[in-house]
Structure formats: structure tokens, C-alpha cells
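Taken straight from Swiss-Prot:
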BINDING   HIS112, HIS116, ASP308  Fe cation binding site
BINDING   LEU134, ALA135, SER136, GLY137, GLY138, ASP167, GLY180, ASN280  substrate binding site
Amino acid sequence: MIKILGIESSCDDTAVSIITENREILSNIIISQNTEHAVFGGVVPEIAARSHLSHLDKALKNVLKESNTKLTDISTIAATSGPGLIGGVIVGSMFARSLSSALKKPFIAINHLEGHALTARLTDNIPYPYLLLLASGGHCQFVAVLGLGKYKILGSTIDDAVGEAFDKVAKMLNLAFPGGPEIEKRAKLGDPHKYKFPKPIINSGNCNMSFSGLKTAVRTLIINLKEINDTVINDIAASFQFTIGEILSSKVQDAIRAYEQITNNFDKKNIVIAGGVAANKYLQKILSSCAKTYGYRLIYPPIHLCTDNAAMIAYAGLERYNNKLFTPLNFCPKARWSLEDISN
């Protein structure tokens, strides 16, 4: 049986996973660093890298035990090799390449964004091509996923990523880190129409997005408010989340038009939302409704596979393993690595 070992360390989650050729996840271990970074209100790259170094060996032992797998049973080792916080990326990549060398097993360098992009093929086995909205703390872009290693970016944020906007607004409201889940929780208790926030470049006619102005508008409101109590916090969270939904819904329409200009895929019309923001149930509901209007089905992974994980890295490794797309051990990890620059 083919077994793929996946390693993820691009940000603040140390993750190791083993999957089979049948897309079965045998084990998926994630060691979170949230408590280590919470006091700083965000991820500290140096702390993240050092934590990966101390957690990886433990995570590997746990995943082998949980999956009842020996290291010698592993067919290939896939590891995030960019983009991301370069210290953590180097730690994970070096760990994987050391294992590869010692075990004499192939190594596969995985683009972290490709891991997110292919998650829906792991969970739902959808065919190529499909439209992807990649929404996380570090990225926000619409991508035409045409095949393995064949990606066309249709539009992206021109400033902040949507996940970053969630985290920054949460910090303004003195909510816990990470901020996305806290905003969603507070929004359920608030009035989404209490405050009207701007929707930057919503009528631009292209697939690009902007969230910096929205973030600034929230900050300005908070500064000018005389009192900030729980009711106000809930209303701001709800109004902010509502505005994000409006922006993304509008841009999904633009992305569908752009996607249909470059594909002939009119039988199985799928839109995938991936990345940490895909875990937001309000956005899932809003975007599902928008997709349905245009005859598309919105697919989003289970919550534990929306955020950073190694199962998605292992699956991307499986697709590349099946196509014999291996990576030399002298591969240089990358802090920046566009989906369009992936080479097969």
C-alpha cells in the first residue's frame, strides 16, 4: 500500500500526517502554537520556527503510532517548502529531506497554496477544472485550477488578506487570538446592519479585492466611539463580517465570469473555498447561495482541513507521486512562491 507522509510548518501550526493511495487519512496530527503567540497578538516568526524544531519529532512519532505505520512503510515524504514564514518552512523542509535521505525515499516539495487548492480533491474527489477562492491569513485570491500544477490566478487582494483583516479587527476589539473564530462567534450576537462599512473596489469589474480600507474604517469607528461594551463589539463584528460577505459575493460573480472565459467546463461547475477563512459558517452560507444562483456548487473542506494541516500536503504529494514528480534534495525553500510558478 502506498503511504504518503506529509509535513506542514509554514506558519504557527506544526503538522504531520499520513494518507494512503485511496485518500484515506490514517493520522493527522496538529500541534498548535496559539498559546505561545497569543500574548503578542499575532505570530512571531522566530518563536514559530523554534517551536517547529521542538515539536516535529514528537508529531512524527505520534502520527506513526496512531496510524500503526513504520517509517520504512512510507512511500514518499512531502513537505511544505514555501510560501510562508521562511524559518518554519526551512525547519520542516530540512526535517523532511533528512528523512528522505536516511530512508532512501523520494522527497516532494509542496507549495503550501497547492495543498489548500487540492484539499477538495482529497475530501470530495472533484474533477479538474474548478474555480478556487483561497482565503487565509496570508493570501486571498481567485484561481482557476485547471490541473495538477496548472493554475491561473484570476484576481487577488491588492493589500491585506481577508484572514488578516479578521485577525486585525479582532485585535482592535481586544478579542482573543486567533481572531477569525472570535469575530464569527461575536457576530452571531450582533446586528449586521448596525454599522455601514466601505466595500473597496467592489465595482471594479475584475477579480481583485481590497480589505485595507475596510480595516481602517473599523479602526476609525472604534476610535470615535465614546463607549465600547459587549453590545457594541458584537455589532461591529457582525457588521464587519456582513461586509466581508458582501465583498466576496460580488467578487465571486466576477470570478465566475473570468473562469468561464478560459474553461469549457459547463457540466460540473464547482467552486471551492479553501484556507482558514473557509471555516467561517456564515461565509459558507452566503457564498453557497451566491454560487447556486449561477448554477455552481460551493465545496468547502471540513473545519479541521480548512486551517493549515499536513493531510493536504500529503495529498498534494500523492498526486505528484502518482505522476512521478519528485524533487531534488537540494531544493531551496521559498518565502514567496506563486501558484503560477509551480513547475511540473
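Each residue, glycine too, has its Cβ placed from N, Cα and C.
There are 27 other Cβ atoms within 10 Å of the Cβ belonging to ASP308 (Fe cation binding site). Between the alpha carbons (Cα) of ALA135 (substrate binding site) and HIS116 (Fe cation binding site) lies a span of roughly 10 Å. Cβ-based neighbour count (10 Å, all protein chains) for ASN280 (substrate binding site) stands at 27.
Just so you know, the Cβ of ASP167 (substrate binding site) picks up 24 other Cβ atoms within 10 Å once every protein chain is counted.
For the binding-site residues LEU134, ALA135, the largest tally of other C-beta atoms within 10 A is found at ALA135. The record gives HIS112, HIS116, ASP308 for Fe cation. Within 8 Å of the mean position of their Cβ atoms, the other Cβ atoms in that chain belong to GLU8, SER10, THR80, GLY84, LEU113, GLY115, SER136, GLY275, ASN309, MET312, ILE313. With GLY180 (substrate binding site) as the anchor, the candidate binding-site residues are HIS112, HIS116, ASP308, and the one with the nearest CA is ASP308. Binding of substrate is attributed in the record to LEU134, ALA135, SER136, GLY137, GLY138, ASP167, GLY180, ASN280, and the widest Cα separation among these residues amounts to 17 Å.
Nearest in space to ASP308 (Fe cation binding site), taking C-alpha to C-alpha distance over the binding-site residues SER136, GLY138, ASP167, ASN280, is SER136. Cβ neighbour count for SER136 (substrate binding site) (all protein chains, 10 Å cutoff from its Cβ): 24. Cβ contacts within 10 Å of GLY180 (substrate binding site), excluding its own Cβ and spanning all protein chains shown: 25. Summary: among the binding-site residues (HIS112, HIS116), the fewest other C-beta atoms within 10 A of the C-beta are counted at HIS112.
Within 10 Å of the Cβ of GLY138 (substrate binding site) there are 20 other Cβ atoms, across all protein chains.
Neighbour list (GLY137 (substrate binding site), Cβ cut-off 8 Å, at least 6 residues apart, same chain): CYS11, ALA161, GLY163, GLU164, PHE166, ASP167, PRO178, GLY180, GLY276.
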